[in-house]
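For reference, TrEMBL has these:
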{"type": "DOMAIN", "residues": "1003-1203", "note": "domain 'MoaB/Mog'"}
{"type": "REPEAT", "residues": "75-109", "note": "repeat 'PPR'"}
{"type": "REPEAT", "residues": "177-211", "note": "repeat 'PPR'"}
{"type": "REPEAT", "residues": "281-311", "note": "repeat 'PPR'"}
{"type": "REPEAT", "residues": "312-346", "note": "repeat 'PPR'"}
{"type": "REPEAT", "residues": "416-450", "note": "repeat 'PPR'"}
{"type": "REPEAT", "residues": "451-486", "note": "repeat 'PPR'"}
């Protein structure tokens, strides 16, 4: 007992924990505490938990968690210790889980030690959302002003690049210490804001806070970003001024070495590196390796790498990046494989370097394997730079479809400028200019601002696709719209664009007007264009300029010589060749790579040293025989002209790309694309030969060089730049399969009917004469996919090749019209541009008012019919049929409505059954999307959650009642105020006191041609006027209209705001006239929607005679309709705001409906009941003829006056 007390007072065994360094030793001390009976003491167990949790090993953390779990009521110190341990582990999220458990149990509130550990955990996660939640807890518990907590918050937001919020927290801090400044400076360095970091360092010095080693480490990183060695030298001097000696500070010396190496001062870096003696860190070694590699001393870099005793992933990455940047990509890939063999896992920097090497070599299989192994489902799947690198690799390896697929799958929050730039550049390399412009527009629609790199990519895309006018507009918009001053690269793109398509004078003029001297790249582009178009005059100028800049570059001489030879200026061409020979200048050798089974095979022109050289030569002979049979004649125009023709043919037959092609034909799988990478542009002869070989052998061949990619396929005959084609046959089969497997018979019927309309339209009009109106909504999304499927079926029916279509026939050529409204939701714009990219849509963007833009488009294009995603019930659908001419006042075209008879349920049944992507707004409760000003989520989809103040909504497809689709857009109308629209009017017999009986006005409208033309006597109108007089209402207007929607709409629109109530009667039979309902809907600007409640009344009324589909029999104006039920009425009355629609066809039925209406009024206040108008009897001796004129005038002036014959 005395011993235990001694241990408690002098716990020597626990004191040993301070010097303990291993998990095993810790277990021994733990065992000693158990033997001594101290394991139940809070003090002892707290010390053990602290030791094991902070040991830095998984075993230690697991053991501390085991100890912690055995304590019934851990104190706050123990909770903080465990949270701290997990914050430093490989599983930082568990720290947050522990914190939530602590809060839930309510044992102890958190303190100012809890939150810094928590925030450090959040800083190591992939998402900032947990950090926001912890921040809110900090505010709730009142620790936001605590210095340690605030520093941790600044660190959190700096790590995630939110420097604005971090700086706000920093500026609002009442107290700032060294950690505050260091955190902000480091944050600025990591987001490449070196000027801000240096300014903050100046503020720090002025505030009297002395820097430490961590301050200078961050500042050296800033100098590396600036690439300003003079600034670095000044910071280096500050180190000695503030810290005196740094001989033993390995961290700081490593930072200094890294700064000088990255700034190109490798000699100074070497001197600092040598002072580290035997204490050289792996980081310093890696910096020296990178430094020498950047300076082109790749062999020295490799020697340093080989001398390293310990190599971590940073060291391996430094050497791999060095090889990749030096163009030695094969060596980079070999070194990476060696690294993998040693079990070292790559980080994101390693993968970027390796993917870059794969892109240059065309190592498609290796790049694809890296993507699937490390990125797609790995820890780097949220890394935007890696995503951009993967897209770049796929594009440069010729698989632009894979690059586009990855781009489409990238979440909106991850689509950074890097990602967009990579996609645009890839599309440019493949000549997909229109798609690149579509992606550019998507970038703009997301709110991102294009940068210099963006414009290089999109201008190149225009150049490779012949989009001259678009390129000019984009070039002009750089400065005018985005404030970006064009640089050398942008002028180079424009020179290439103009020169490529023969505008050589304009291109040369642009070079002359540049604000700086043109570099060799621009003159080379101009020279190449001169050769293509045979312009010797400008070509000689460009060639001379180029030779002055690159006098030792053989390719420039060859190009100029070829231009002269093409112009039959043989003597001048010989002189250029002679200059080459006299100065010993040689053209760079051409080489080609091809990947097979993860190995890279390199070929040089006329080289026979490959292990399969004999087999390759036999294959070349086989190719030559088949090519000759196909009519191929070698193009020897580009071969030096001092050898005979037979030798020239032999030379072109052994070009490096043909050797690689022969190897690929022999050893690549018949189903694989043969991908060949070349360091030089493919010659005209090889281009022609590759085309024929693709057709003869039935193989797809991609030739890649550093500027452009060329794609050859046996199914393409006229154009050979690769086009990204969505395979419509597969899309159609997928939709068909989904529809066939569905048990929804109604959906199948709707689908077949819509496809019939599409095919009918395509039979009536040519493809050039039709267009698709697309707005990003669910209806137009359905229409797009129906149109794609219908177009494929139409082309297959016309095909004469047993239903097998070529890629040209399968491509979707129908023009797409999109109105980019400034009030549209950003999500709608983004979805539209994503859809255009995905399906290769030819987009015509209208940015003015839609009508004017459409008029201009129809004047410029031969469009005669436009497919619309209009459904019955839409306000614009009133009076339309599946084929309807455009409305008066609009340019003439045919409106084609394939889904006119589709309901809300049909739309979602199709989208879900076929798994078609749709705009994300529909998953957030929006059911019908208009502008940002008049559209909100549908309240019927709101999820009540008392624990959250933020409303959440279910997806749109869960709306149970499709009639309420537009509930989030329904216009708000106020019931008319009971006020006289006209002066009080009497019947002329007595005077009425207006104060006693204020006059309310009504309009009575009859609908029906039979009434208007006198076929049927109108008994209902006068009877209704008398009934209104009986309750004290004045009738200001009566009218009889044609059985026409527009007539009804105009009359209702005219009087609904100036009269208190409108009554409409007429139509055929006992049901409401469709024309009447449609006219009322149009007047109020709403659509007709199926009403299940009203449908049940109709079904009961007409029974088995009903043959229509559900929800289509009863169409009522949406959002404004109220059904007035009464037990005496078989069909309820309809009230649309202040419009009553009556079903009566004779006076008896009218009396019945009026009595029911008055009863309902007395119970629910539908109408205001006032004192009735008085009636008087008059006698006259005048004949009817004599009295007619005066009475007519009286009736005209007083519409509510009823004059009848006495009985």
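Here the Cβ of each residue, glycine as well, is placed from N, Cα and C on the backbone.
Note that the structure is a prediction, hence the values are computed from the model and not measured.
Each residue in the repeat 'PPR' (177-211) gets a DSSP state, and the totals come to 26 helix, 0 strand, 9 coil. Sorting each residue of the repeat 'PPR' (416-450) by its DSSP state yields 26 helix, 0 strand, 9 coil. Across the repeat 'PPR' (451-486), the DSSP tally of helix, strand and coil residues reads 29 helix, 0 strand, 7 coil. As a whole-number mean, the pLDDT of the repeat 'PPR' (312-346) in this prediction is 88.
Residues of the repeat 'PPR' (281-311) grouped by DSSP class, helix first, strand second and coil last, total 23 helix, 0 strand, 8 coil.
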